[in-house]
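First the structure, in the form of structure tokens, and then the observations on it.
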Amino acid sequence: TPIIVGSALKALEGDESDIGVPAIIKLVDALDSYIPEPVREIDKPFLMPIEDVFSISGRGTVITGRIESGIVKVGEELEIVGITPTMKTTCTGVEMFRKLLDQGQAGDNVGVLLRGTKREEVQRGQVLAKPGSIKPHTKFEAEVYVLSKDEGGRHTPFFKGYRPQFYFRTTDVTGAVELPEGVEMVMPGDNIKMVVELINPIAMDEGLRFAIREGGRTVGAGVVA
């Protein structure tokens, strides 16, 4: 691992000694050369969790987020999936850093302009996806690890019917827990298989990771089985 000695304060002050500006240039070079480029999953179907929604006068509805997988191109039909019934829409523009693009790909933080979709029809927590590539579910099986007290988790066990929030991608959804037959309670620090029933459908498939939260505090982590 590269170790670079320097002072950001000295660099800001314009110091040209070894610990000033040259050290920060060395640091940036090391970041570029040592940290591998993240793998962009552009071969998978397009999927973007929706983080925010805006209405732009004269242009329509823009949704923002980071593209999780695939590529989106201007003119393509898309679906808005989760929370409410699935809706069809069309991409009429892709924007990144205030530049209009022909397409966006996995890893990009973009704004996607939609045709025929009203601002109030879209919300954070839904996903924008290639039609038919992902379905919404309210009931699913999961493998879960419950954080111990020392890890900042619960101090007490929970029982069947426990109703925390399940955090998927960009939103919390309340869900009720069903425990396996013969399991009366789950202790902090346990690994457990469970069935969860959410109050709203969420776009998900096998392997999707989520957090379990109580009042904003993370008390567990899981993966859709």
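Here the Cβ of each residue, glycine as well, is placed from N, Cα and C on the backbone.
Taken from TrEMBL, the feature domain 'Translation elongation factor EFTu-like' applies to 60-129. If you look up TrEMBL, you'll see 133-224 marked as domain 'Translation elongation factor EFTu/EF1A C-terminal'.
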Any idea what the model's mean pLDDT is for the domain 'Translation elongation factor EFTu-like' (60-129)? 96
Using DSSP, what's the helix, strand and coil tally for the domain 'Translation elongation factor EFTu-like' (60-129)? 3 helix, 48 strand, 19 coil
Mind tallying the domain 'Translation elongation factor EFTu/EF1A C-terminal' (133-224) by DSSP state, helix then strand then coil? 0 helix, 56 strand, 36 coil
